[in-house]
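Copied from TrEMBL, the annotated features are:
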type     : residues  : note
DOMAIN   : B:1-258   : domain 'Heme-copper oxidase subunit III family profile'
TRANSMEM : B:31-54   : transmembrane segment
TRANSMEM : B:95-118  : transmembrane segment
TRANSMEM : B:130-149 : transmembrane segment
TRANSMEM : B:194-218 : transmembrane segment
TRANSMEM : B:239-257 : transmembrane segment
């Protein structure tokens, strides 16, 4: 068996600074949102408004991770929807179990 | 180009029905990784929504925060449970350590995306460099989690007085330190159980991720991907690694903030 050449035969494309800048920008946004959540946890009163804001900010972060880091936005539309649409089931699970939890609370206390 | 208006990348050699085509214009591996991640999203979502449900079934702590004591009568306030930092014993630093962990995991996700970007450019040196940084981030995160678990299990100096049914089915009232699956000093038993299961399952995913990262790092370093002609494996492992970060974002919000 011949010894394989470890030198690259692939053409190395030079860095595209525009793209790399965009990655760092997304990272900055994610970090900024996390810091904002952190500050809100200590300055705002605990309650439905704060929890709603936390969940909105979390979904916003999730959007950045999926679109920018996982490049889901660059995939073809059918693939995009086949990942996003099934998540609708989770909305139902969330409503059903939130109601279940509240009802158990009512029975216990 | 009409061939590109459909969602199937048609091979020029074999045509539509000759095999080797890529449905949804993603390679087999990438497509399967996406569908695996979708199923994993459901698993984690089931865990987290169950957490929410069980939490709603207990009363919330309503007294003043500075006189909080753990009790299995109400759900604890997370920022008063997760408030320890390594090397600073007895120092009250709510959520600081978990904030650092989040920062580490997001950073490792950034270095992963830089590795994927380098892979698109066939730049072996950059891929190896960024994979190494990602691995460092992953291992640091796991170490932090090990410390956090250790602290959670051993508990605070004071502990809390709990009345509970022990493993011998007897009702006892005693000072409880730390946490196990029967009783914990912070809140109802379900609190520690869910903590162990959810962060444990996530930590298990991170562990698998680090192993995969190491394999890809090694293969990139010895030139396997150069000989193969593409760096797609980096992309696939990148998808998995970002998913781990994605889950942590939700765990962070639901477990530590709310």
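Each position is counted from 1, following the chain as shown.
Positions of Cβ are set from backbone N, Cα and C atoms, glycine also.
Note: TrEMBL annotation is automatic and uncurated.
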Counting only pairs 6 or more apart in sequence, are there at least 3 Cβ pairs under 8 Å between the transmembrane segment (B:194-218) and the transmembrane segment (B:31-54)?
yes
As a test: from B:95-118, B:130-149, B:239-257, pick the stretch that has the greatest number of Cβ pairs under 8 Å with the transmembrane segment (B:31-54).
B:239-257
Excluding the flanking five residues on each side, which residues at least 6 beyond the ends of the transmembrane segment (B:130-149) place their CB within less than 8 Å of a CB in that stretch?
82, 86, 97-98, 100-101, 104-105, 107-108, 111-112, 114-115, 118, 196, 199, 203, 206-207, 209-210, 213-214, 216-217, 220, 234, 241
So what's the average pLDDT for the domain 'Heme-copper oxidase subunit III family profile' (B:1-258)?
88
